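Worksheet for the structure shown next.
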């Protein structure tokens, strides 16, 4: 892609998210989401591969549906209450529609079915943008909506953690596994959103760090399915030693960074007298942990096949910057001891 066009698209991507993050009016927020969607479409379709084009089309249709529903919800709210302000949304019908529209945009279960299919058709760099940056704007709007009925967010959260864990169990494609992982993590965030927004924000930040490091590891190894992970020993032995820790951090095992948000969320849910919900979500985390362990096993304890079809790929020097990967991997593995400091800064 022409570097000037790429720069314009990335600028538009940043601009769309910034407009949504800073807006207080529903029309501005909607406009930011639309700019965001339109800016990423050429990045998704740049491979000129039928799968990439198909994924772009699916993404466009789901995002357009979500945006139209959101616009309808905000117009309905303005019609019924006379308010266009995001924080003033008060009608239960409008609130429910807006929450479902934003859930479709970020890929919460049961509105998640587009996400694995779309992510599977993209390269790892665009997949990284889709899994991290594209979640920010809709999540910021979800943070500002105060639901009149608290059970809708709890239902979405529990369903997402369940589906995210179950869906990833039978997958061999890394991008689909990461898509289900994304749904499960967003479920945890949505679950705690109405009880402690700052804790949901902390969970989002740790999710962004962990997912970015995982995508960058796979990109460095050029791995797209589980079998290709087995050749990573030969390419980057030191990184292969650290990657299991990154994956287990995504699964939420102590003493890694991923344990921190899960621990605090379970604690907060128990304080809110939602112990059964906390127990159920803790059990669904085991489902996710299984497929992270499966990736860890494939990466560290299996040898690559040496038959003709499974010959080791050329070990060409990678052009990828390793500093972001180093910083993100360190953050993914070692931030748990800072929990008291982070809690004091973020959680009132």
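Placement of Cβ uses the backbone N, Cα and C atoms for every residue, glycine included.
Sequence annotations record features per position, and here TrEMBL assigns domain 'NADH:quinone oxidoreductase/Mrp antiporter transmembrane' to 23-287.
The transmembrane segment feature in TrEMBL is assigned to 57-80 (among others).
If you look up TrEMBL, you'll see 92-115 (among others) marked as transmembrane segment.
Per TrEMBL, transmembrane segment is recorded for 151-170 (among others).
Under the heading transmembrane segment, TrEMBL lists 177-195 (among others).
The transmembrane segment feature in TrEMBL is assigned to 201-221 (among others).
Counting residues 6+ beyond its ends, the transmembrane segment (233-254) has Cβ neighbours under 8 Å at 181, 210-211, 213-214, 217, 220-221, 261-263, 285, 288-289, 292-293, 295-296, 299-300, 304, 312, 315, 325, 329, 332-333, 336 in the same chain. Residues or ranges marked as transmembrane segment by TrEMBL: 233-254 (among others).
Per TrEMBL, the feature transmembrane segment maps to 274-293 (among others).
The domain 'NADH dehydrogenase subunit 2 C-terminal' annotation in TrEMBL covers 289-342.
Taken from TrEMBL, the feature transmembrane segment covers 325-347 (among others).
Ranked by number of Cβ pairs under 8 Å to the transmembrane segment (274-293), the listed stretches 177-195, 201-221, 325-347 are led by 177-195. Most Cβ pairs within less than 8 Å of the transmembrane segment (201-221), among stretches 57-80, 92-115, 151-170, 325-347, belong to 325-347.
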